[in-house]
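Novice: The structure under discussion is supplied below as C-alpha cells; questions concerning it will follow.
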Amino acid sequence: MANPKLVLAYSGGLDTSVAIKWLQERGYDVIACCLDLGEGKDLDFVKEKALKVGAIKSYVIDVKDEFANEYALIALQANALYEGKYPLVSALSRPLIAKKLVEIAELEGAVAVAHGCTGKGNDQVRFEVSIKALNPDLDVIAPVREWSWSREEEIEYAKKHGIPIPVDLDSPFSIDQNLWGRSNECGILEDPWAAPPEEAYELTASLENAPDVPDVIEIGFEQGVPVTLNGKAYPLAQMILELNAIAGKHGVGRIDHVENRLVGIKSREVYECPGAMTLIKAHKELEDLTLVREVAHFKPLIEQKIAEVIYNGLWFSPLKDALVAFLKETQKNVTGVVRVKLFKGHAIVEGRKSPFSLYDEKLATYTSEDEFDHQAAVGFISLYGLPTKVNSIVNKQNKSSVSTGQ
C-alpha cells in the first residue's frame, strides 16, 4: 500500500530539511513546495536540496506577480501598517503560501500539509487558519512545534541522516524576506534596549553611508495602483523591487518595532521595507488630494482593521472580503502622479497632481484670484455652532435655577 502524500512548505533551511526526514519516518511521502516571493534566493538550489534530502517531488513556483497584485496591493491601498509601523511583510505572504500548499495537495492527492513554524509565533496561526478556510479536510502538521528539540539536538539529527547543515546556521538572526520587505528577529534584537547592529540590515543603507545627494522620483497611479516610475511603466512586482533598490540606497524604510503578537507576547522586530514605505507614503498623499473629506476621515478606521485582520491570519475571511470591498470603492479616483525626494532615511513628498484633484486653487488662494464666498461663512458658522450655543444657554439657565433654589 502506498504511503499517504503530504505537501511541506519548504524553505531550504535546517528546520524544513529536517522535517522532510521526520515526516518520512512517520510514513509520509513528502512533496516540497517553495515559492519565489521576490526574496532573491537561489531557488533552483532549494529545489534540488529538497530532492536530495528525500522529497519525492519538489515544486518551485514564481508567485511574485500574484503576490504583488493580489496581496501587497491590498495592503498598499489600505496604507496598512500594523500598530502604525509594520507593513505586514511576512503576514501578507502566509495566505498565498497556504493557498499554494492546498492547490498542490489537491493536485497530488495529498492528505495533509505541513509547515515549519514554532509554537510561539504568529505564522502557525496564519498558515493553519488559512489552510482550514481553503480545505478543511486536509490535516495540518507542524513538525517543529511537535518535536520540541533544542538546536543542538536538531543538528545532531541532521548529521545522523546526512542532511546538509546551512552555512549561515551560526547567524544569530531569524530572517524572512519577500519583495514587500525583510523581517529580522532573534539574537541581540531580543533585547529591546540594544541598538540593532549594522549587520542586521541588508536592503537599506545606514544614514551615515547614505548618499549626500537625494534622488527625486515620480510615481504614477491609476485607481490606486502604481503603474509608472519616473514615467516608465512597470509591472507592480518589478516596481516594488526597483524602489527597494532606489529607496534602500537612501536608508528609507528601516523600522524598529516592539509589536503585540497574536499569541499574546510582545516581540522586538527589525524590518526593512524601502519600496513598501515609499509607495504607502506616495499613495496616502494622492488620497489626500482626491478623496472627499468624509471618506478621508473614515478610511483610516478601515485601514487599521484591515491591518489587524491580515496580521491575525484572517485573509480568507468574510470580514476581510467586506473590508476590501469598501477599500476598492475608495480607489476609483486615486489617479495621478506623486513626486518624492529620497534622502537620508526619509521619503519626502514634494508634489502631487491628479485629474481628480479636489484641491481648487481659486478657492484656496488668498490672492486677488480668490473665488471663495467669504460672506457665506456667517450663516455656516451660525448653523454649525447652533447646538453648542443652545447647550450653553440651557446649562446657564439650569445653573441659575440651582443657585437661586428654584
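The backbone N, Cα and C atoms fix where each Cβ goes, glycine too.
Here's the feature list from Swiss-Prot:
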- A9, Y10, S11, G12, G13, L14, D15, T16, S17, G116: ATP binding site (BINDING)
- Y86, N122, R126, S174, S183, E259, Y271: L-citrulline binding site (BINDING)
- T118, N122, D123: L-aspartate binding site (BINDING)
Novice: Sort N122 (L-citrulline binding site) into helix, strand or coil using the DSSP assignment.
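Specialist: In the DSSP reduction, N122 (L-citrulline binding site) maps to coil.
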Novice: What same-chain residues, at least 6 away in sequence, bring their CB to under 8 Å of the CB of D15 (ATP binding site)?
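Specialist: Within the chain, D15 (ATP binding site) has Cβ neighbours under 8 Å at G116, P143, V144, E154.
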Novice: Taking every protein chain in this structure into account, which of the binding-site residues T118, N122, S183 has the most other Cβ atoms within 10 Å of its Cβ?
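Specialist: Counting Cβ neighbours within 10 Å, the top one is S183.
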Novice: Spatially, which candidate from the binding-site residues Y86, N122, D123, S174, E259 is nearest to G13 (ATP binding site), comparing Cα atoms?
Specialist: S174
Novice: For S11 (ATP binding site), which residues in the same chain are close in space, meaning a Cβ under 8 Å from its Cβ, but six or more apart along the sequence?
Specialist: C34, V46, G116
Novice: Among residues Y86, N122, R126, S174, S183, E259, Y271 annotated as binding L-citrulline, what is the maximum Cα-Cα distance? Answer in Å.
Specialist: 19
Novice: Distance between N122 (L-citrulline binding site) and S17 (ATP binding site) at the Cα atoms, whole Å?
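Specialist: Between the alpha carbons of N122 (L-citrulline binding site) and S17 (ATP binding site) there are 21 Å.
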Novice: Around the ATP site recorded as A9, Y10, S11, G12, G13, L14, D15, T16, S17, G116, what other same-chain residues have a C-beta within 8 angstroms of the site's C-beta center?
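Specialist: Checked against the 8 Å cutoff, the neighbours are V18, A19.
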Novice: By a simple count of other Cβ atoms within 10 Å, which of Y86, Y271, the binding-site residues in the record, is least packed?
Specialist: Y86
Novice: Most Cβ neighbours within 10 Å: which of the binding-site residues A9, G13, S17 is it?
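Specialist: By the 10 Å Cβ neighbour count, S17 comes out on top.
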Novice: Hey, for the L-aspartate site built from T118, N122, D123, who else sits with CB inside 8 A of the CB center?
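Specialist: After dropping the recorded site residues, what remains is C117, K120, G121, Q124, V125, R126, V263.
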Novice: Could you tell me which of these binding-site residues, D123, E259, has the fewest other Cβ atoms within 10 Å of its Cβ?
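Specialist: Selected from the binding-site residues D123, E259 on minimum Cβ neighbours within 10 Å: E259.
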Novice: Just name the most isolated of the binding-site residues R126, S174, going by other Cβ atoms within 10 Å of its Cβ.
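Specialist: Taking R126, S174 as the binding-site residues, the minimal 10 Å Cβ count falls on S174.
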Novice: Just to verify a number: CA distance, S183 (L-citrulline binding site) to D123 (L-aspartate binding site), in angstrom, no decimals.
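Specialist: Cα-Cα distance, S183 (L-citrulline binding site) to D123 (L-aspartate binding site): 13 Å.
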